[in-house]
Amino acid sequence: MRCLVIASLAALAVAHSSHSSPTRLRKSLGFGPVHPHAVYHSSPYQITTNGFFQDILAEQLSDTSSYRIRKDSYTDKNTGITHVYVRQIVNGLEVVDGDMNINIKDGLVISYGNSFYKGPTPQAFSNPDLDDIRHPHREYCEELEVEMKSRLDSFLGQYGQTVMEEFGSWESHPKFHSFFGPLAHIHTSNCRATHLPYDMASSAEVDFADVRPALLQFMLAATPDDKMVNDMLANYDEYLAKMSVSREDHFVNPDEPVVMSIDNVPDAVNPVRSSLTYIQVPNKKGDSTDLNLVWRFEVEMQDNWYDAAVSATSPHRIISVVDWASDAPIPTPEPSVQPATYNIFGWGTNDPEEGERTIVKENFDILASPVGWHAIPIANDPSLKGVKLNSKQFWRNTTTTWGNNVFAQENWEGVDKAFHYKYAPKVTDKVDAQDEAYSEENDAVIANAQDGSGYNNANFMTPPDGRNGRMRMYLWNTALPYRDGDMEAGIVIHELSHGLSTRLTGGPASSSCLGWGESGGMGEGWGDFLATTIRSTSKYSDFPMGAWAANRDQGIRNYPYSLNDTINPSTYQTLDKPGYWGVHAIGEVWAQILWVVEQRLIAVHGFNDDLFPPAPLADGTVPAGKFYRPRAGKKPLVPKHGNSLIVQLVINGMKLQPCRPGFFEARDAIIQADEQLTGGENFCTLWKAFAERGLGVDSRVDGKTPWGGGIRTNGYAAPTACL
């Protein structure tokens, strides 16, 4: 009976998203294993860097188990902290979730996170017995079904007598969606294909050189196109034969994994990149992990960009999946340009109802845009690629959008995708602006305004450093005329913040550290927090999120962000309530906690109307101005006011926290960021503020699962030093 109930709810989710509203719910997969041994020490005993690896990893290093220092490790010039990212190697293969992040200052390790595999080295090219390990995908879906059944029982218990009599169906009842929230859609997205690996398994024997069966298994689960799924199942061998595999050969570090490129993958918009790796899977007891040999895939689709790990042996189970989509320089001459002017809604104006447009001169950040917003080197202009120029001019200036001096792309979007006129687009070589920007730098965001693929939403895709992020903003049909999400600064800032938090957490080369559960929720929460902070003023006010675009005073979240417990009652324990499985709901709680922390810092340090620090001087030094405190020697610059200080602490905390952080790890990283920046001046202010919303030293979670489950207990205590 329970299966019938869950199937009915899933069907309702599909029907609602397809027909009841023009808002298209994007299918997104996101789950993975828990790491019972993972640790984050924000105040470890101080040891020199020379002895760290020997002290921490002595028992794990051998001829078959080692590590590599990732090339995206770096030193933060603002704080003087070096952030080192380490990847575990076993039998010559990467352990994709065997991560260490080590934070070093003045030759001492100040904090570190560690999720290295600690068990015995497995035999090469082998996998553990399926009966000895847990199955994260299946467990995730079973937990979802239990939660959905519980909510259905509660719903029918309160409204069962009136549902059919007055409304005719469950989904027509006005309280239905408040009970189930996004659960039905999450279940439909993630759980409709859990049986397929076992149904299609023929033998545990597999040719490890053939990546195609595992990839096709993933695409069966990932594609939102049901017709394609049926066709793939009916013509499995044909789809398999069409896919071609080639090895990417480059002059790279021999420690880098061998990468395969796979073409003609159904529903993928670019060739899929793949490598053979290990991933950790908990054992039956849940107290340790075993290594599972997997194919790791990077799959770019129309609405998703996945980092997935699929078992290399049959049955090809999906073990982990993260969706990267979240709904010595050469001196060059300075360009000679007149300051541009813009007719804009100014910085801090959230939407057209908060203020009028004004004519302002450009005020670009000299660090982010050293030659302004309208100049690029002629050598980087794709429209002049291959053209012989007589001019020795270095810069190309474009101060209007007349002609073809902007990057543009066609939006081939139609309701029925049938074009009733002759048109024959052809595939061409990838010689475009995106290829020009494919490196560790120069990966500008590709931003789509009024994207035609949906309504009432926005999303951001964040691949690893060196590849262009992609932001898609939609129209909102919540008013006539329709409202453009680009006109609400809070939504734009929220989406751009995904790129910030994803690149800073776990290192720039890893985009899979904020995939689901509390980690994924905080990715949403940081976006709301930064958007709300930017629009706030010296006169305190509560703020909703997305109110203008949604045409709703309360916005698109459960509560406005507020210091008033009645207006916004969110605490850490709120995450256990129905409706808080999704990352956006989890993010609301994190953003509310940070909002309280910010107000307490403002009460101590005051408010700054300008969140932009002063521009560097000609010699590169940054003056203190009104933004920073007077600098003491070579110590880092410290923002003077509470709102600018919390932004700095949150961003510094992202760099310190480990991959796959929870609320506790992120809280501890922010507190340590203050210790490194101010010497711990705000230690008690921060702890007391976190404790106000249940994240004190005595808060805890029992039975935590990687997707956000567990029983949480609020803690309202601050450290004894603050009593």
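Heads up, the Cβ atoms here are built off N, Cα and C, so glycines get one too.
Just so you know, TrEMBL annotations are computer predictions that nobody has curated.
Database features, via TrEMBL:
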- GLU495: active site (ACT_SITE)
- ASP327, HIS494, HIS498, GLU524: Zn(2+) binding site (BINDING)
- 71-116: domain 'FTP' (DOMAIN)
- 1-15: signal peptide (SIGNAL)
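Residues SER326, ALA458, ASN459, PHE460, GLU495, SER497, GLY523, GLY527, HIS584, GLY587 surround the recorded Zn(2+) site, their Cβ atoms falling within 8 Å of the Cβ centroid of ASP327, HIS494, HIS498, GLU524, which are themselves excluded. DSSP assigns GLU495 (active site) to a helix. There are 24 other Cβ atoms within 10 Å of the Cβ belonging to HIS498 (Zn(2+) binding site). Around HIS494 (Zn(2+) binding site), the same-chain residues at least 6 positions away in sequence with a Cβ under 8 Å from its Cβ are ALA458, GLU524, GLY527, ASP528, LEU530, ALA531, MET545. Looking at ASP327, GLU495, GLU524, the recorded positions in this record, the fewest other C-beta atoms within 10 angstroms of the C-beta turn up around ASP327. Counted with DSSP, the domain 'FTP' (71-116) comes out as 0 helix, 31 strand, 15 coil.
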